[in-house]
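Let me begin by presenting the structure, written as structure tokens, before commenting on it.
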Amino acid sequence: MIFITLEHISAHVSFSLTFVITLIYWGTLVYKSEKLSNSGGKGMIVTCICITGVLVSRSLYSGHLPLSNLYESFMFLSWTSSMIHIVIELRGQDAWWLGAITAPSAMLTHGFATLGLPDKMQQSAMLVPALQSHWLMMHVSMILLSYATLLCGSLSSIALLVIASQINQKIFQNSHDQEKKEVKHTFDLSLINYRKWVFTNQLDQLSYRAISLGFSLLTIGILSGAVWANEAWGSYWSWDPKETWALITWILFAIYLHTRINRGWKGQKPAIVASLGFILVWTCYLGVDLLGIGLHSYGWLL
């Protein structure tokens, strides 16, 4: 009983923190403040500890890893988003804007798990026979970690496209403006565009690194899942909807990495490919489960 109470308290505290931290980081986009950014970073650490408390408490009273249903997987996804933020900050990179991506990701996944799902779906239950395997930790954790990193990379690419479109629009408007501009105004405008250009380069690098890591994790997850499927169902690959969408997602991000590594693409072109990956990841992760079809759906919505 004490573990259930601890889980509920940790869940409510962590969600409140993610909401406040999201507002803080969105505020830093308008008013860049080192104090706000530092407070947001400390808040992410506390949030990560609280979500860890949720997962550990559930694991203790359920007797298995908290990766068996939609609620637990969303909480793990929220935990991973906060961990990505902490790891990047610990590496000492100047990414004050990072929280504007990771904090909302943690908040929305957390909010969907705690507020969007009915109470019945949030309760822990006995593992179905197919999940009673030592492959549960290897396969599911790798897949969820890959989803979190791929979503982070895709969101960075979407942000890159939005900022790049604003820069291009301003350049286009200035080139067609027939009025005489003051030198100071022109210099200020060029400085703003330069800062945005540096910002887009940082987003491009974050997207590339996150997707590279996520692609590797997804590969491990698919391979371990194939071995597990052979043990559970007698076949390495059965073209189950989840497997098919995972393969489609893997192919799309393989194309992204091919354009980056072999073609030397940077900036907006590969970002468009990565943005499409955002839709595919959610389709693979949530869409198939919402439909309740295939071997990977265990009656979460039925």
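Keep in mind that glycine also has a Cβ here, set from the backbone N, Cα and C atoms.
Look at TrEMBL and you will find 12-31 (among others) tagged as transmembrane segment.
Packing against the transmembrane segment (43-61) from elsewhere in the chain are residues 3-4, 6-7, 10-11, 13-14, 17-18, 20-21, 24, 72, 75-76, 78-79, 82-83, 85-86, 89, 99, 102-103, 106, 110, 124: each is 6 or more residues past its ends and has a CB under 8 Å from a CB in it. The transmembrane segment annotation in TrEMBL covers 43-61 (among others).
Annotation comment: TrEMBL describes 67-88 (among others) as transmembrane segment.
Residues or ranges marked as domain 'Cytochrome c assembly protein' in TrEMBL: 67-296. Here the domain 'Cytochrome c assembly protein' (67-296) returns a mean pLDDT of 81 for the predicted model.
Under the heading transmembrane segment, TrEMBL lists 95-115 (among others).
Annotation source TrEMBL lists transmembrane segment at 135-163 (among others).
The transmembrane segment annotation in TrEMBL covers 206-229 (among others). Non-local neighbours of the transmembrane segment (206-229) in the same chain are 84, 88, 95, 98, 133, 135, 138-139, 142-143, 145-150, 152-154, 156-157, 160, 235-238, 243, 246-247, 249-250, 253-254, 256-257, 260, 270-271, 274, 277, 295; each lies 6+ residues outside the stretch with a CB under 8 Å from one of its CB atoms.
The transmembrane segment feature in TrEMBL is assigned to 244-259 (among others). Here the transmembrane segment (244-259) has long-range neighbours at 143, 150, 211-212, 214-215, 218-219, 221-222, 225, 265, 269-270, 273-274, 276-277, 280-281, 283-284, 287-288, meaning same-chain residues at least 6 beyond its ends whose C-beta is under 8 angstroms from one of its own.
Residues or ranges marked as transmembrane segment in TrEMBL: 271-295 (among others).
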Discussion item. Would you say the transmembrane segment (135-163) and the transmembrane segment (12-31) are in contact under the rule of three or more C-beta pairs closer than 8 Å, pairs 6 or more apart in sequence?
Written reply: no
